[in-house]
Structures are given as C-alpha cells and as structure tokens.
Amino acid sequence: MTQQPQADAPLAGRHIAVLLGGPSSERKVSLVSGAACAEALERLGAKVSRIDPGPDVAQVLAATKPDMVFNALHGEWGEDGCVQGVLETLKLPYTHSGVLASALAMDKAKAKAVLAAAGVTVPGGGLFNRHDVARDHVLQPPYVVKPNAEGSSVGVFIIKEGANRPPEEVGAPSWTFGEEVMVEPYIQGMELAVAVLGESNGPRALAVTDIRASTGFYDYEAKYSEGGSIHVLPAPIPNAVRDRAMRMAELAHTALGCRGVTRSDFRYDDINDLLVLLEVNTQPGMTPTSLAPEQADHVGIPFDQLVLWIVEDAYARCSAGGTA
C-alpha cells in the first residue's frame, strides 16, 4: 500500500528502487525489511519501485531508471558484494556498504583476519572441512559450528560441554552452506549488539543492546519469531564495557571499510570480563523493531529519519565522486 507523504516530503521528486526478497535463505526477513523501508520512503515523498531481484535484475533496473537503489537484501547475493557489483556496473548510487566491505564482512574467516589485525578481539578457532567436523570433534566442547558465509544464525550448531557426538548434520548431503565451516570456542555470557552510523566525520556507535533469547540461543527463530527474544536497551553492563563495545564496533566498521549502517554482534563473558566481536552485519535488519532501528530511536532518530539518513548518506557519497 502506498504511504501518504509527509508535509515537508524531503525526498519529493526522487525515484528510489528498493531491492527486497532475493534468493538467499534470509529472503523472508528481507521482504519485511524492504517493505518497512519502502513505506518510509513513500512517507518521505519518494516515488518507490519495489524490486524482488532475479537473474535479470540488471535489465529490470535499467528499465526502471531509478535515481538510486535502497538495498534491503540480506544474506547471499544481496549482502556479499554481488549485487553491489551489479549496481557499480550500472553506475547507480546505492545504500549501505560497497563491494569490498560487503564481501569481506560476509566471509567470516577473512573478516576475522582483518579485524584481528586492526586490534579487535575476535574468537579463536578457524575453518574446517565440513566432513571432518561431522566425523569428530575438531575442538574441545563447548564450541560453535557455523557456515562461513551466512547470516541470521542460519545453519549454526552449538556443541555443548560433554557432548558425545559432533554435529553430523554438517556432513549431510542436504547441507547447502559450503564445504568449509567456521568452528569457534563457545563463549559464555551475554549477547550484545551495537549499531553504527558511518557519518562523514567518522563512525558513530549508537547504543548497546542486551539480547535475551527465550531458548538460550539467539538463532533464526529467536531473531524473527514473536516472543523469540527480548531486547534490553540500554544493556545492563558497566559503563566501561559499554564504551569498549561501542569503540570496538566503530573500529570494526572502519577496518572493514563499511559505509552507511552496520551492526556488530558480540559475546560478553562477564565472569572473565571478556568482550569478543563475533561478526559485522553490513545489511542489518530494518523493520521498526529490528536492533539497529531500535537503537536509533533510543538516541532520538525515529525510523523514517533513519531511512532518510541512509538515503542522504548514499547520495552524499555519490556527489563526492563515488557510485556509493
């Protein structure tokens, strides 16, 4: 449903294509994010074309002729540098991170190497062949097994302390997340998240959220099912830990070369005062109740204003001489 524009309509006269859906395992989440952003853009006065991209996305965009693209895709192809490369080829301004940062952040092993070199604390472990992981414990339990290039906690297994068997599902023919998997020691404690805005004078961390999953693990269902998790904002942590998480998120945003909005996910072991950055999301969820918009609202940036900032940030980069 087309939204009525605001009286001031700051995006009046703009034609913005919103990419939503796509082919990844996070399609459903992207459809919700994209719908919310498209409605906000219409309230801001823009003409909006909603595009659920397929193999012909370049031709569709060329025929649609938007002024810019709002990328609301999540996961494979939309968040890993692929669609960003298409948009660069078409010379279309687009939101969020560019080709290199998107590809780096999606590849957990490469991202960890870059972040560690920049001084960010990341988990140990590494990449293993999935069949080796399925046959025997490659680390002493407890540990975590996850795809090297997926988001939304898709395909993640936690092997608890004292577990007798490894995650045999990883070696099954039905496994579709690549031949190598990331295996890391399990870090006890709190699940924290920090959203960052890549402002012109440097990245700005917004707040720290404590995420409490009803099942004890913040998996896909906990993230997107009603009642699956509780977001405690601000997180009930010492000020020094809050500041450390925010600075670490800003450093990660810069080290990976990210732009626009990102969200860094952490584990905090309060017993040992260990704060570890798990991953950086270059296309964080953008429903009004997602973590990044929640934090923006917490610091005085309502959802529509956050969407406007994302668009204006992309336009500013374009006018400064880059596609995005």
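Glycine is treated like the rest: Cβ placed from N, Cα and C.
Annotation comment: Swiss-Prot describes 112-312 as domain 'ATP-grasp', evidence class sequence analysis.
The feature ATP binding site is assigned by Swiss-Prot to 139-193. Sequence-distant neighbours of Gln188 (ATP binding site) (same chain, 6+ residues apart, CB-CB distance under 8 A): Arg267, Asp269, Ile271.
Packing around Asp265 (Mg(2+) 1 binding site) is summarised by its Cβ count: 22 other Cβ atoms lie within 10 angstroms of its Cβ, all protein chains included. Summarising the annotation, Swiss-Prot assigns Mg(2+) 1 binding site to Asp265, Glu279.
Feature annotation from Swiss-Prot assigns Mg(2+) 2 binding site to Glu279, Asn281; the stated evidence is sequence analysis.
Other Cβ atoms within 10 Å of the Cβ of Pro167 (ATP binding site), summed over all protein chains shown, number 22. In the three-state DSSP assignment, the secondary structure recorded for Gln188 (ATP binding site) is coil. Mean predicted confidence for the domain 'ATP-grasp' (112-312): the pLDDT average there is 91.
With a 10 A radius on its CB, Val181 (ATP binding site) counts 27 other CB atoms from all the protein chains.
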